[in-house]
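Quick look at what TrEMBL annotates:
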type     : residues : note
TRANSMEM : 12-35    : transmembrane segment
TRANSMEM : 98-117   : transmembrane segment
TRANSMEM : 160-179  : transmembrane segment
TRANSMEM : 185-208  : transmembrane segment
TRANSMEM : 220-239  : transmembrane segment
TRANSMEM : 251-281  : transmembrane segment
Amino acid sequence: MIHLVQIIQRFVRIPTGILAIMIYTLIVYLIYLAFTKYIPMLIHQTFDMIQSVIDFYEHQPKDADPVLQYIHNYIERNDFFEQLQNGASIALGYLQDIGKLAVAFAMSFILSFFFMIEKQKTILFSRLFLKSEFSWFFQDLYYFADKFVNTFGLVLEAQFIIALLNTLLTTIALAAFGFHQLLSLAIMIFILSLIPVAGVIISCIPLSFIAYSQGGIRDVVYILMTILVVHLIESYVLNPKLMSSKTDLPIFYTFVVLLVSERFFGVWGLIVGIPIFTFFLDVLKVKKIPNHSPRETDLL
């Protein structure tokens with residue numbers, strides 16, 4: 001939010017407090033619009049997409065091509081749909097924690113709002129801790145907080161931007177190929193794109209199933225080619241611009257970190273594992289991360 005306010009203030013001279021109120025009012029309106037219009041549409045499209053894929057693979061003619069016959073026999077032999085139902089029940093169990101996530105989001109949203117309203121006052125007050133009797137403690141605390149913001153925050157921000165661009169490019173390609181339920185597919189692609197490297201590979205599986213149910217092998221080839229092109233753009237254009245100076249990890253280390261972080265943090269570990277690992281690399285001086293944190297918020 002600080003970056004957004006600074007960008008706007010380069011073009012329009014508006015006090016930070018007034019600009020923050022305008023931005024947060026717009027965000028609240030967009031959240032209201034999402035809950036009243038787009039989330040019901042997303043749920044409806046998701047159920048329609050799942051049902052259409054299930055119907056396609058359940059009701060195959062006897063003279064269907066060998067690939068479909070193999071998939072159909074595999075599904076029958078492994079009781080795939082019962083496993084799918086079990087997976088759905090597990091997913092519903094995860095959704096029960098959405099209340100905690102919503103509360104955490106609301107609290108962080110409110111805190112960030114009050115910080116932006118009184119940013120200068122908060123910064124000046126925070127400087128007093130660095131001159132107090134226990135200044136040594138707060139200086140150490142500031143050092144690690146600055147490292148954390150400079151690594152974890154910026155890497156996560158770059159990861160988010162890359163995921164957003166990947167989603168945009170892939171969704172445009174899906175629309176060109178005539179795919180339906182684009183909103184549901186875009187949400188799925190965005191969530192998987194937040195997982196470095198592995199997210200692209202994982203997204204191939206559901207997209208290939210959906211592509212085959214709509215247009216056969218030809219659409220599967222189109223999808224795989226699209227994902228390959230998007231992955232090349234991510235690897236050779238987006239990553240060097242956004243991530244290379246912050247991580248520049250070998251693929252082997254990336255997968256090891258993802259496996260370990262998923263073990264300790266669950267699904268969230270796939271998203272925050274790389275930023276946390278990068279933070280420790282910087283703190284331990286294994287690989288120094290260039291400082292790009294906004295100096296306007298510097299407490300020193």
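Each Cβ is built from the backbone N, Cα and C atoms, and glycine gets one as well.
Below 8 angstroms of C-beta separation, residues 42, 49, 159-160, 162-164, 166-167, 170-171, 174, 179, 220, 223-224, 227, 230-231, 234, 251, 254-255, 258, 270-271, 274 of the same chain, each at least six residues beyond the ends of the transmembrane segment (185-208), sit close to that stretch. Relative to the transmembrane segment (98-117), the listed stretch 12-35 leads the set 12-35, 160-179, 220-239, 251-281 in CB pairs under 8 A.
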